[in-house]
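Pulled from TrEMBL:
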- 1-80: region 'Domain I, interacts with DnaA modulators' (REGION)
- 155-287: domain 'AAA+ ATPase' (DOMAIN)
- Gly166, Gly168, Lys169, Thr170: ATP binding site (BINDING)
- 342-464: region 'Domain IV, binds dsDNA' (REGION)
- 370-439: domain 'Chromosomal replication initiator DnaA C-terminal' (DOMAIN)
Amino acid sequence: MRERLRKELGDPIFEAWIAPLTLESWDKDELKIGAAKPFVRNWVINHYVARIERAFRAEQAEPAALNVVVTQAQPQVAAAVSKAPVEIVPAAPLSPPPSNVAYMPHVSPDAAAGAMQGLWSRMLHPQQTFDSFIAGQANEFGLGAAKAFSEGAGDMPLLFIHGGFGYGKTHLLNAAALEFRKRGKKVLFLRAEDFMRHFLGALYRKDTLAFKDELRTADVLIIDDLQHICRSTATASEFLYTVNALADLRRRVVIAADRAPSALEGLGADVKSRISGGLVVQLGKPDRDTRLAILKARAADFARLRPEVRIPEEVLDRIADLEDASPRDTIAIFTKLATYADLTKKPVTAEMAEEAVGMRASGSLSPKTSIEDIQKKTAEFYKLDVRDFHSPQRARRVARPRQVAMYLARKLTTRSLPEIGRRFGGRDHTTVLHACRRVEALCNEDALFKQEVDFLSQMLSKLN
Ligand SMILES: Nc1ncnc2c1ncn2[C@@H]1O[C@H](COP(=O)(O)OP(=O)(O)OP(=O)(O)O)[C@@H](O)[C@H]1O
């Protein structure tokens, strides 16, 4: 990458502006590059960010966002030179990096070890066990397979679970992780984005070998939301390498994704075929009885914590009626009502349940309005490709519609900020929050923009 940029920009410019930059962090897919002074930061942003992004892309590393930050504030210098001439006068590097390193912080062995430690830091949810997973027609095969797999049954090294949002995939992965641990196995449980982030971090630290070795120490590798790995071909190849290496060592791999292996766009045929060769199970949408049983279990948990709060059974019945709701959706309505009762000390009535359920069914919080619909319609409206919403592009023609889509996802679905961020190319929840505030502010300032947003909002509500 260093050589690519040097060739494109020429030695003097490269040495003056690019070489002194440092890689500050790579967190949640945000690549933070450090500049020593505000002036340098502004100059790099205005002149070189697009090239830097292109160079990353050419190396098949696609950070969701690229930011340049000032590593040491020197306001007086910034003020004096912020009106810099357009002509670039090559200057001596501000703090010369080692000659063979671009964007590379000095990583001590300790820091590298720390980065590897982060791989293992995921906490397991003690309540998401096989016992607390309610089985029904739509998911009993998945439950049985996950249980047997984590008890060591069968010869297949890989289990792949797919199903809709909120259908219980992560719950089953967590339960499997707990079970494997109980059996003394060393479990590595990562979301696809975490895998990608750690891998790309290792790439920039130039210690991918250590990363590979570290992964191979796991007895069990569990990956959630595999669909997000497709964003970088380098990561997808690394993932395949890891799965193959673990399979050769007769270790086990459990994967979850929102779609079947064949529908994982962006993954090569080799990865798909590797996955399809494992045990593939689907979680369907639980039927009414299962939804009611899940709600009853939640109510019992709640009653143990707050015995004074009463939630009548007819309330649970009414919530379970919601035909298109996933377990997550029904649990969200229950939690809302139970929290209301707890805070106000008022009983929850069937009418309140009716109202909460009605709100969702009417479209203001409709479970039918999916983030995918929102992305599709918003992209169509602004003449973009949905993939632009997942990309790191920050050009206004993409960034503003992306913010609108995030705002609509927040308004029209019950998805949390982190979840919305994840669906928009693995962005951070603070990015979503910022987008929502920005869109609200713009709606107040600009009547035309407000009309656009209202139009999209109404159109999406009518889809249901
Ligand atoms: N069959 C079930 N029994 C008990 N709880 C369930 C069941 N299915 C889902 N849940 C609960 O619903 C919530 C959402 O489930 P989970 O997070 O596992 O969904 P998911 O399929 O991983 O969704 P996403 O793809 O959006 O990450 C969790 O609180 C989970 O415990």
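Note: Cβ is positioned from N, Cα and C throughout, glycine not excepted.
Remember, TrEMBL labels are computer predictions, not curated facts.
Features as recorded by TrEMBL, highlighted on the structure.
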{"residue": "Gly166", "record": "ATP binding site", "Cβ within 10 Å": "21"}
{"residue": "Gly168", "record": "ATP binding site", "Cβ within 10 Å": "29"}
{"residue": "Lys169", "record": "ATP binding site", "Cβ within 10 Å": "23"}
{"residue": "Thr170", "record": "ATP binding site", "Cβ within 10 Å": "19"}
Inset, instruction - Using the centroid of the Cβ atoms of Gly166, Gly168, Lys169, Thr170 as reference, list every other same-chain residue with Cβ within 8 Å of it (recorded ATP site), in sequence order. - result: Gly163, Phe165, Tyr167, His171, Leu172, Ala256, Leu283, Pro327, Arg328
Legend entry - Whole-number mean of pLDDT values that fall within the domain 'AAA+ ATPase' (155-287): 88
Inset, instruction - May I ask you to report the DSSP-based helix, strand or coil state of Gly166 (ATP binding site)? - result: coil
Legend entry - Helix, strand and coil counts within the region 'Domain IV, binds dsDNA' (342-464) (DSSP): 88 helix, 0 strand, 35 coil
